[in-house]
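*Asks:* What TrEMBL records for this protein is below:
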TRANSMEM  36-55  transmembrane segment
TRANSMEM  76-95  transmembrane segment
TRANSMEM  115-134  transmembrane segment
TRANSMEM  146-165  transmembrane segment
TRANSMEM  185-207  transmembrane segment
TRANSMEM  214-235  transmembrane segment
TRANSMEM  241-261  transmembrane segment
TRANSMEM  282-304  transmembrane segment
TRANSMEM  324-348  transmembrane segment
TRANSMEM  369-389  transmembrane segment
């Protein structure tokens, strides 16, 4: 029996290595191919949610179950987003329940994760339709829960980004690559800081043209302070984390600050885009498409980064180990379904969103700002915590 199992395992690995991508997809032997299909389904769900929000009012008005919506004429669009999001969430939670704990490529759950696409596509369609038959109160309850789920997604994404920045810095400063990467580290760090400073200056010019724009001035100035704080802590002799990680984290927090200010609703003289806010132009359409793709890419890249959440890391995985955590992958997509719903409705189910817009509203602005501040806090804690633990350990001995 053991010999037969080993033979089956070896055949599976050979298919995974030597076959064409189509054969691997058909034989459910390549989980790397499977993740693209899941990402495609997730993208389709995003597009359906957008269609339900911007164009679904006329189609959904005929459904008597949705006439009890409490948010006025625009609540149907928001409810349409939540219904599509709920169906997507249920699908990925079911996949999470059925694939969590898979460790080997030759397991039945590995075949289920990487194959059986006809059944799973039918299941995805059914899960998308069922929420449209549920009463409005259930959807509103899901909308409240989705706030928490979207926050979990942002936290996972934040830890994943910080983990990547730390990993990149460790690779560059390791004994093997220290001399070879020294110039590259200085070049990347300098470029990062220059981009950060240019971004801050441009935000001052574009989003605080008047002294009365106190909130935007506070956001941008505080971002500059946080950049200086991260650099100072990282270069402290007791921390000595280098200059690359605060530079890369600076890019991230400056980007979050820009996204926060861009999420402010139009009509304010501090936002230059307010002059053309009443009409949809090609720039708005491109920004919306980029925003949708960014959601999918962020979910996709975070979903395969389960190793940053492992306390015990195996440096020498076996040949037949799964390449990423299937359960974590589907869990990230499930929370990502809640996240894209919040972006499309501006984190408020009673908030009217203009067509071809995404993540607009004061709630969205403050979510971005809090995410920026939280990112800095988590990064600083990752720098300071080893020093504190070492100091306590020295005191105890």
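Backbone N, Cα and C atoms are what each Cβ position is placed from, and that goes for glycine too.
Small disclaimer: the values here were computed from a predicted structure and weren't measured.
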*Asks:* Quick check for me: are there 3+ Cβ pairs below 8 Å between the transmembrane segment (241-261) and the transmembrane segment (146-165), leaving out pairs under 6 residues apart?
*Replies:* yes
*Asks:* Under a criterion of three or more Cβ pairs within a distance under 8 Å and sequence separation of at least 6, are the transmembrane segment (146-165) and the transmembrane segment (369-389) in contact?
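*Replies:* Contact between the transmembrane segment (146-165) and the transmembrane segment (369-389): present.
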*Asks:* Under 8 Å, at least 3 Cβ pairs, sequence separation 6 or more: does that hold for the transmembrane segment (115-134) versus the transmembrane segment (185-207)?
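*Replies:* Answer no: the transmembrane segment (115-134) and the transmembrane segment (185-207) share fewer than 3 Cβ pairs below 8 Å.
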